[in-house]
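Taking it in order: structure first as structure tokens, then the write-up.
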Amino acid sequence: MLPDMNSTASEGDESQRNGDDGINNKSSSEDLHNNSINNQDLKRKRFHRHTLEQIQEMEAFFKQHPHPNNNQRKELSDKLGLEPLQVKFWFQNKRTQLKTWHERHKNSCFRTENNKLRAENMRCKEALSNARCRACGRAIAVAQMSSNEHCLRVENAQLREQIEYVATILAKFVGKSLADEAITPSSTTSPTIDTEVVRNLKGKQKNEE
């Protein structure tokens with residue numbers, strides 16, 4: 001019995017096609033790998049780090065021209081050996097960094113000022129909580145006082161501290177303690193009188209020096 005020649009030929013053609021497909025697949029994989037390497041090399045070239053000299057030159061130029069035009073970018077890129085697009089991106093990033101720094105600094109200043117206002121508010125609340133009626137000596141509720149009375153109470157507390165300071169200085173220069181008399185001022189005590197006392201004390205202190 002003779003072998004089927006057509007069957008043998010078809011099997012040979014199929015084997016050859018499989019071999020060609022394998023070679024083509026291998027070649028395609030190598031091409032993809034090479035393309036990936038080339039793309040990575042291009043990215044490295046495009047986004048490489050600038051040298052210290054390049055950064056210093058661009059920093060100095062940024063101080064004078066934070067928004068350079070096309071001609072200035074072209075001139076600077078030729079001088080530094082960079083692409084104009086690289087110079088453009090560097091200046092954009094620099095402006096963004098500077099803006100972020102200013103915003104953080106501003107927020108820090110606002111936070112500090114807010115803390116000072118809170119501390120002042122706490123001192124005012126404490127002064128109001130210790131406010132007492134001069135006639136009967138009982139504590140006065142904050143809800144019972146008008147806005148003008150609030151201001152007067154706070155001013156009164158500040159004047160007491162000032163009078164205590166004046167009494168201490170008087171005791172030092174006169175030679176006797178006036179703290180008991182100065183801490184309990186009469187209802188007619190005014191800021192003008194306290195200011196004059198402080199001014200006289202300062203003048204006396206300068207004369208003795």
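Heads up, the Cβ atoms here are built off N, Cα and C, so glycines get one too.
Annotated in TrEMBL:
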DNA_BIND  43-102  DNA-binding region
COMPBIAS  1-10  compositional bias 'Polar residues'
DOMAIN    41-101  domain 'Homeobox'
REGION    1-45  region 'Disordered'
**Prompt:** For the domain 'Homeobox' (41-101), what is the mean per-residue pLDDT, to the nearest integer?
**Reply:** 87
**Fill in**
Secondary structure of the DNA-binding region (43-102) by DSSP, residue by residue, totals 47 helix, 0 strand, 13 coil
